[in-house]
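Novice: Got a structure here, written out as structure tokens. Questions coming.
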């Protein structure tokens, strides 16, 4: 189950933003991702964009998820406020109008403004490290001091009687950064450090004796209830529909004078706000540190949006249905020069979702797996995020067995969509960076901020 998603979601790691001095005039109003200096006053105002700019989606996180108390300190060398008329404009939620002034917090200052506080006590506080990967240990598990991630990996391997193989020479590095790369070597290191298989089996027996109390597998669905994940999908779907008056024109023509790329970019920009609302409804996401919430959304936004519009397009033939209500036909995509990636979306995602009749609960669980990405760069506690991802895995597997008992391979088939989402997500980022560089496609404020500061901590 884990193999399909390891290392996913760290999408900007391979795709750096183009130099912020690119000719695109829209980028002048966005904090650059280069080292911050004195505030930059653009010599010419940016040209008007089709929809009015709404500001950064991330003040919504800091306002509606609770302020961390004190504002993060300014990054080194930064003096003065960010003078950006676009980002500092009033945030208005879709379908909800503008909130009161106190609900709007200053935007996140690029990625260099993200402040991840060090763990209490610092590195020299006498904390034990995980014997397998070197991360912070959460205690002794199965006879060895280990982190929650390696504990969960070992437990799942034993309980499901999983077997692994190594693609290299069975001597892969297993550390905090690369522990998900090779499951075979990670498991061998668990055994080499002294983790006991029988301890897992005894724990399972104790869990059965207590009718699923404790940390037995039976508790996982309650910890990550799929009905709440479905509620999150349905809630943001309704919010998206409020801005749609009816099906738009096919191929981006008729009522929409824009080309397909512009339509897709504008739809993605609007959906970034909805994405924040969705994430807040996923169990346990709001309990993560505020900075980690921002990092996870930055790391997964493109895959999360692609998964949504792919599933929304199941009933559309040879095209996709945007959240704005517009249909984009593959012929239009080909004429706009994005036919190859468009066809990959149709064949690797939309048609596969259609063939297996993926339901919205399963879609929500896949998106939650993408969201809880322990490999996102800069997380203050990746182990905690990994535990949440494990809980989604367990809940999704239980749901598949109960809802589709006759389809034994359904859970695995769902997870096989995750590598395709990651690959397509990276390719879409490349296209967006190119459109931004040449500057002939209107890219709105939220989307531009994502491209200016692509989830990389300095």
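Cβ atoms are placed via backbone N, Cα and C, with glycine included.
Straight from Swiss-Prot, here's the annotation block:
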type	residues	note
DNA_BIND	130-195	DNA-binding region
COMPBIAS	1-17	compositional bias 'Basic and acidic residues'
COMPBIAS	18-31	compositional bias 'Low complexity'
COMPBIAS	32-56	compositional bias 'Pro residues'
COMPBIAS	57-68	compositional bias 'Low complexity'
COMPBIAS	69-78	compositional bias 'Pro residues'
COMPBIAS	201-213	compositional bias 'Basic and acidic residues'
COMPBIAS	245-255	compositional bias 'Gly residues'
DOMAIN	221-454	domain 'NR LBD'
REGION	1-105	region 'Disordered'
REGION	1-129	region 'Modulating'
REGION	201-223	region 'Disordered'
REGION	238-261	region 'Disordered'
ZN_FING	130-150	zinc finger
ZN_FING	166-190	zinc finger
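Walk me through where these features lie, including what they touch and how far apart they are.
Specialist: Helix, strand and coil residue tallies for the DNA-binding region (130-195), in that order: 22 helix, 5 strand, 39 coil [DSSP].
Looking just at the region 'Modulating' (1-129), the mean pLDDT is 41.
Among residues of the same chain six or more beyond the zinc finger (130-150), those with a C-beta under 8 A of the stretch's C-beta atoms are 119, 174-176, 179, 186, 189-190, 193-196, 199-200, 374, 382-384, 386-387.
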